[in-house]
Amino acid sequence: PMTDLLAAGDISKAVSAFAAPESFNHKKFFELCGLKSKSKEIMQKVFHVLDQDQSGFIEKEELCLILKGFTPEGRSLSDKETTALLAAGDKDGDGKIGVDEFVTLVSES
């Protein structure tokens, strides 16, 4: 579970900060949950938790569930939020986010 990688309190705080529809901001979220300050190895482990089908990529369907990937209490992202997150993370334009793209996305300020 994600709580093996990040503090439960930080996850809870980060997810509740974006409880309102259309409020998701990935930069603030990764900062609040503590992931941004973690090592590349931890970021890669988080990626593999979020990559539910273990395809090596986080596809749009999985991105929509990113908050639920951190905690079951998380909400699904709206289509607009998901599209914006995909656009921010998909550097090579293949329509999905690979592990290196994810690490870059989390690390960007």
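Cβ from N, Cα, C; glycine included.
Per Swiss-Prot, domain 'EF-hand 1' is recorded for 38-73. Non-local neighbours of the domain 'EF-hand 1' (38-73) in the same chain are 1-2, 5-6, 11-12, 14-15, 18, 24, 79, 82-83, 85-86, 89, 95-99, 102-103, 106-107; each lies 6+ residues outside the stretch with a CB under 8 Å from one of its CB atoms.
The feature Ca(2+) 1 binding site is assigned by Swiss-Prot to Asp51, Asp53, Ser55, Phe57, Glu59, Glu62. In the three-state DSSP scheme, Phe57 (Ca(2+) 1 binding site) is classed as strand.
The domain 'EF-hand 2' annotation in Swiss-Prot covers 77-109. Beyond its flanks by at least six residues, the domain 'EF-hand 2' (77-109) meets 21-22, 24, 26-27, 30, 35-36, 40, 43-44, 46-48, 50, 56-60, 63-67 of its own chain at Cβ-Cβ distances under 8 Å.
A C-beta separation below 8 Å, combined with a sequence spacing of at least six in one chain, links Asp90 (Ca(2+) 2 binding site) to Lys96, Ile97, Glu101. According to Swiss-Prot, the feature Ca(2+) 2 binding site maps to Asp90, Asp92, Asp94, Lys96, Glu101.
The number of other CB atoms found within 10 A of the CB of Phe57 (Ca(2+) 1 binding site), across every protein chain shown, is 18. For the recorded site, Glu62 (Ca(2+) 1 binding site), the DSSP three-state label reads helix. Neighbour counts of Cβ atoms within 10 Å were compared across the binding-site residues Asp51, Asp53, Glu62, Glu101; the minimum falls on Asp53. In terms of DSSP secondary structure, the domain 'EF-hand 2' (77-109) contains 20 helix, 2 strand, 11 coil.
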